[in-house]
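Peer 1: Here's the feature list from Swiss-Prot:
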| type | residues | note |
| --- | --- | --- |
| DOMAIN | 16-241 | domain 'Radical SAM core' |
| BINDING | Arg25, Arg75, Thr106, Lys167, Arg269, Leu270, Arg271 | GTP binding site |
| BINDING | Cys32, Cys36, Cys39 | [4Fe-4S] cluster 1 binding site |
| BINDING | Tyr38, Gly79, Ser130, Met201 | S-adenosyl-L-methionine binding site |
| BINDING | Cys264, Cys267, Cys281 | [4Fe-4S] cluster 2 binding site |
Amino acid sequence: MQSIPVKNAGDRLVDAYRRTYYYLRLSITDVCNFRCNYCLPDGYHPSHERDKFLTVDEIRRAVSAFAAMGAQKVRITGGEPTLRKDFLQITENITALDGIRHVALTTNGYRMAQDVGAWKQAGISSINVSVDSLDPRMFYQITGENKFTEVMRGIDRAFEAGYRKIKVNSVLMKDLNEREFDKFLAWVKDRPIQMRFIELMQTGEMDAFFRCHHLSGQVLAEKLIRDGWQLQSKGITDGPAKVFRHPDYVGEIGLIMPYEPDFCASCNRLRVSAKGKLHLCLFGEEGIDLRDLLQRDDQQSLLQARLFAALQGKREHHFLHRGDSGIRKNLSTIGG
């Protein structure tokens, strides 16, 4: 995978606040087979829209345009992306594109034990897997699925397949998994796992749940610093997590705290939904339709022009601190 030189600012993914975007989060499906209480507590229900999910060729054209404008990292998300039967073909196409140096996957892990070797062979560079509790009963209470053993086996298989580090995501929730912080610390002490705690975020369908269970990640940050954990610097394609390391631990701790005052200042990522809409912010507008420019290979220059023009309208920051989550009903539609 080669790096493509970007000639001038007009060719690059740069917004009006001079933030440069190297990272694309690409949802390839809204469908998920888990029923997490902070996202889809009633399970997935197909929408009545006629639009189908992006095809393999549409995905290739979309990522190609982002790569030509300087994007280096793609994260494949959902829903649960591995539910697509053409998931491996999608992955292989993305990894073959010039300029794309890193292809990551976010998964609930239910297929990980059986398929992780094929994922690695297809070109998945790194994996984030959701584990909201290390207690099988609490895992079931949060996810609605009795898959704890299978997911944990999948993490072990990922290391056997050659992944040197796995990122594990856990949504931090008061009165549910908040008491497991020390258990998670012990779990990563001798394992090369980056354990990432994500602050519960307010969405349109989950206001009551948010009010009941939100807990600030700052509480954990202060505890980590008191206990000798050190904050690490970020790379240009890193996500929003603040990463901490400790000399006595093999693993790392990451904190994603969207309610911090400066959370948006280092934003480096854009999102494309499974139906081909560009979303400039996780908690933003309805989305800019790209699909009409994903039909032929000779539309790349028009697609890049639309991307650049749209990016100039990206807001300086979200308004979560005001209780404004935009039009986002839940996170399954855009992959978080």
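Yeah, the Cβs are placed from backbone N, Cα and C, and that goes for glycine too.
Small disclaimer: the values here were computed from a predicted structure and weren't measured.
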Peer 1: Using all protein chains in view, find how many other C-beta atoms are within 10 Å of the C-beta of Arg25 (GTP binding site).
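Peer 2: Excluding its own Cβ, the number within 10 Å is 22.
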Peer 1: Which residue among the binding-site residues Arg75, Lys167, Arg271 has the fewest other Cβ atoms within 10 Å of its Cβ, if you could check?
Peer 2: Lys167
Peer 1: With Cys39 ([4Fe-4S] cluster 1 binding site) as the reference Cα, tell me which of the binding-site residues Arg25, Gly79, Lys167 is the closest one.
Peer 2: Gly79
Peer 1: When the Cα of Met201 (S-adenosyl-L-methionine binding site) is compared with the Cα of each of the binding-site residues Cys36, Lys167, Cys267, Arg269, Arg271, which one is closest?
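Peer 2: Nearest in space to Met201 (S-adenosyl-L-methionine binding site), counting only the binding-site residues, is Cys36.
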Peer 1: To the nearest whole angstrom, state the Cα distance for the pair Ser130 (S-adenosyl-L-methionine binding site) and Thr106 (GTP binding site).
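Peer 2: The Cα atom of Ser130 (S-adenosyl-L-methionine binding site) is 8 Å away from the Cα atom of Thr106 (GTP binding site).
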Peer 1: Which one, from the binding-site residues Cys39, Cys281, has the smallest tally of other C-beta atoms lying within 10 Å of its C-beta?
Peer 2: Cys281
Peer 1: Give me the count of other Cβ atoms within 10 A of the Cβ belonging to Met201 (S-adenosyl-L-methionine binding site).
Peer 2: 22
Peer 1: So among Arg25, Arg75, Gly79, Leu270, Arg271, all listed as binding-site residues, which is physically nearest to Cys32 ([4Fe-4S] cluster 1 binding site)? Use the C-alpha atoms.
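Peer 2: Looking at Cα distances from Cys32 ([4Fe-4S] cluster 1 binding site), the smallest one goes to Gly79.
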Peer 1: Find the average pLDDT over the domain 'Radical SAM core' (16-241) in the predicted model and report it.
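Peer 2: Computed over the domain 'Radical SAM core' (16-241), the mean pLDDT is 94 on the 0 to 100 scale.
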Peer 1: Within 10 Å of the Cβ of Cys32 ([4Fe-4S] cluster 1 binding site), how many other Cβ atoms can you find? Include all protein chains, please.
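Peer 2: The Cβ of Cys32 ([4Fe-4S] cluster 1 binding site) has 21 Cβ neighbours within 10 Å.
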